[in-house]
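Engineer: Annotations per Swiss-Prot:
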type    : residues               : note
BINDING : E561                   : L-isoleucyl-5'-AMP binding site
BINDING : K605                   : ATP binding site
BINDING : C903, C906, C923, C926 : Zn(2+) binding site
MOTIF   : 57-67                  : motif ''HIGH' region'
MOTIF   : 602-606                : motif ''KMSKS' region'
Amino acid sequence: MDYRDSLNLPKTNFKMKANLAQREPMILKRWEKEGLYQMLQERAQDRPLFVLHDGPPYANGHIHLGHAFNKILKDIILRSKRASGFNAPYVPGWDCHGLPIEHNVDKELGEEKKKTIPILAKRAACRKYANKWIKTQKPEFKRLGVLGDWEDPYLTINYSYEAAIAREFNKFLLSGSVVRNRKPVYWCSTCTTALAEAEVEYHDHTSPSIYVKFPVIEDFSDVDPALAGDKTFVVIWTTTPWTLPSNTAVAFHPKFQYAAVAVGEETWVLAEDLVEKFMQEVGIEDYSIKSTFTAEKLENRNCRHPFMDRDSRLVFADYVTTEAGTGCVHTAPGHGADDYATGLRYGLEVLSPVDGDGIYTKEAGPYAGRQVPEVNSDIIADLAESGLLVFKKDINHSYPHCWRCRKPVMYRATPQWFISMENNDLRKKALKNIESVSWTPSWGMNRIHSMVESRPDWCLSRQRTWGVPLTVISCKDCGEVVKSEEVVAKIDELFLKEGADAWFSHPVEDFLPEGHVCTCGCATFIKEEDILDVWFDSGSSFAAVCELRDDLVAPADLYLEGSDQHRGWFQSSLITATGTRGYAPFKGVLTHGYVVDGQGKKMSKSVGNVVAPQEVIDEYGAEILRLWVSSEDYRDDVKVSKEILKQVSDSYRKIRNTIRYFLGNLNDFDPSKDRIAVSEMSELDRWALARFEELRAKITESYDKYEFHAINQSLNYFCGTTMSAFYLDIIKDRLYVEGTDSTIRRASQTVLYDILDGLLRLMSPVLSFTAADAWNALYSLGEKDSLEKSVFFADFPVAIDPQFDAEQEARWQRLIKIRSELTKALELARRDKVIGHSLEAEVLVKGEGELGEFIHAEWQHLREISIVSAMSEIEGAPEESAYVSEEVEGLVVSVKLAPGVKCDRCWIRSTTVGDSVEHPQLCSRCLAIVEDMDLEMDA
């Protein structure tokens, strides 16, 4: 007879095979049709607000895995905040101006057309290009399961946003923080524009490393009489020979000891601490130190430029070091920030004889018309010919490159517009505001503090087309800038109506009060043609988005981006808000590392180690990406590879199977009718509830601390070890075998229901697709009055009392340890073919002293959790083959085949099988259950 129909076997529509890649789009379609995000916002109107402000990705190209990691991390946080009782809106944004878009539009236009196309036509082409990629990226972000106001995102090309950018700039202008100077800035000769620090990337680059002699005009006899009449040279080191035409000084450290070194018939001056190292590098063995002295008497002396017809002054600078070179630093104020500062102190001429295309101008003498830095070889050859080149070799070092074209950049002195970090104490205020912000990881505060502390003035101007203009109007005759609230209001009015294009389509008169005249008497004015640094665009988002949208607020609770944004968006936002509002635009900042390959190397198409999110989604589904994000410690660089994703997929499968087991065993459970009170549950059931309460507390705390990898670890351990390998394994018998409505079965089902309810709430921020599907299955069981229709409407579970005290905790920890030893003994018996399955076994146990008393007192619990057919105590001396535990002192275990015959229904071996004539295959327990079922059917 087949007793299968008499068992309570699991049934569920929640499939074992997830088919995430096919299933997820259907779930997304349902969320969109229901208006899930809008419903969440409507339901949360009266809740406290939590604003995570989205740092806008660039509207160019398909999203990469770094984008996916960032967006999923944000979504996990926002979903967890909603489940914690907050109103947590998400307004995604896009950065739409700037060089990368203009660069690609130029390529589409071609060489000839890009030079002749009218400015408004080119701006229209750039706007069209940005919108094209927004339309491409939006569904790619939504496919990740990211909830947000995708129908009304913020775009930096929206007219209202462009007007806000101009307003913020004009606040700086009116306050006196905006200045125009000719000073060295990063310059890309390929893109022909100035660059901000945040637009510069560092890559390995090969440069010539040369040592050059500068002839001293007057001997050093007053420094040391021994040097009288010597043919003396100051030796400098540089890796940028092309800047030598701009040299106006050689810098010494005022406190260093310097040496006059005899080399042949010449005397060379360099730092004493570097003499030996220098001579070894240049291969000179025959030398002697004639004199040592401090630099005090060297200041304001002159040496002769090695090839230009002028002198170079000897000056002091604290940034001179003895880490490399000679301690005598080539100084060109037109080609370096430190050099420029030194030049200001000494009144040196700021020479920068290089045009925007990187071509030497006539001021470069014999090198005029030549390209930088190709001219390096000519300069080196000329130095060698004149006898002033000491040594030359090539070195590989980290060098600044343009973020767009990836070509090396230069420092070049040009007239530019800057936000002064000193005017209005901007630097001081920004540094103070940094200290008021919560930084995660904590080292982020020191990082951005040191950056702001040492950063130069912010170069705002860009010599390009696609961006918001520098809304500066100045007198044609005297150059005085018009600073007027009335002008600002007119700019704002036109920008709100027509966008920033208005600056280029309207004459200057449309922005000025009627009849406006300069203080010099001139009535002719000109508009600035440069555009703003794109970092000012995104840095103004707190004003353009958070302050203007009804669903947001400034300052935001959290900014979350990659750690590179300490010198990018975080810093531009901080400076902009500090300069116009006096406070930081964020209360907290969280940063994550870069996404790298499995070996920790940067992803590169040329190397072939790029993992595209689209490929991962097609193979595994977005859920696996979400689980991967939560499994990694985002504070460091995050590794990803096919092997890692497969491991994550395996981990997901275990969690899913646990959920499926729960649902399968709840198929006949109606929580409104079948629930059993905690007080009526067995200790095992209450132990399981205690473990879930422990998990709930740990996970909710981890969400609050943004420690998502800890959540992942907790979920995996709970599902795989606590539940599947222990509790679920033990209660399988009561779930399948006991009477359908028996108290012991309904009690365990109550535990399963409550744990699953809470588990789905806890995992929903991470495994959103799976939680949504499983919740629908749970919702169908009944109790609809108390259960939210969507898991995303449900808050995290509240604390429960499992009625499981400290004494019980201690006892069960000990029981589980003993059970672990019994399992080892069963494994050995299985290996030796004594038994097959543990249900075939009789376990004989002996405990010495107090252990024996404990085992005797907990006999029923130990019997229950061991999953064997029989258990008895060892009488007398144990057999030689018995297992002696090393973990539990005094414990001896012996295993043998249990007496009796295997019951066809519960598979437990029992001596009562065969006692019934009608059901000879059943044990006495199963017989009673089946007879009860027959009676119920008859009734």
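Keep in mind that glycine also has a Cβ here, set from the backbone N, Cα and C atoms.
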Engineer: Other than C903, C906, C923, C926, which residues of the same chain sit close to Zn(2+)? List them in sequence order, counting a residue when its Cβ is within 8 Å of the Cβ centroid of the site.
Structural biologist: V737, D904, R905, W907, I908, S910, V913, L922, S924, R925, L927
Engineer: What three-state class does DSSP give E561 (L-isoleucyl-5'-AMP binding site)?
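Structural biologist: DSSP assigns E561 (L-isoleucyl-5'-AMP binding site) to strand.
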Engineer: Ten-angstrom check, please: count other Cβ atoms within 10 Å of the Cβ of E561 (L-isoleucyl-5'-AMP binding site), all chains counted.
Structural biologist: 21
Engineer: Roughly how many Å lie between the Cα atoms of the residue listed as 'ATP binding site' and C923 (Zn(2+) binding site), rounded to a whole value?
Structural biologist: 67
Engineer: Restricting attention to the motif ''HIGH' region' (57-67), give the mean pLDDT.
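Structural biologist: That region's mean pLDDT is 94.
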Engineer: Which of these binding-site residues is closest to E561 (L-isoleucyl-5'-AMP binding site) if you go by CA atoms: C903, C906, C923, C926?
Structural biologist: C906
Engineer: Measure from the Cβ of C926 (Zn(2+) binding site) and count the other Cβ atoms within 10 Å, all protein chains considered.
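Structural biologist: Excluding its own Cβ, C926 (Zn(2+) binding site) sees 26 Cβ atoms within 10 Å.
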Engineer: Suppose we draw a 10 Å sphere around the Cβ of C903 (Zn(2+) binding site). How many other Cβ atoms does it contain, all chains included?
Structural biologist: 25
Engineer: Which site among C906, C923 has the most other CB atoms no more than 10 Å from its CB, taking these as binding-site residues?
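Structural biologist: Checking each of C906, C923, the winner is C923.
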Engineer: Measure from the Cβ of K605 (ATP binding site) and count the other Cβ atoms within 10 Å, all protein chains considered.
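Structural biologist: Here the count is 7.
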Engineer: Could you put numbers on the helix, strand and coil content of the motif ''KMSKS' region' (602-606), residue by residue per DSSP?
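Structural biologist: Taking each residue of the motif ''KMSKS' region' (602-606) in turn, the totals are 0 helix, 1 strand, 4 coil.
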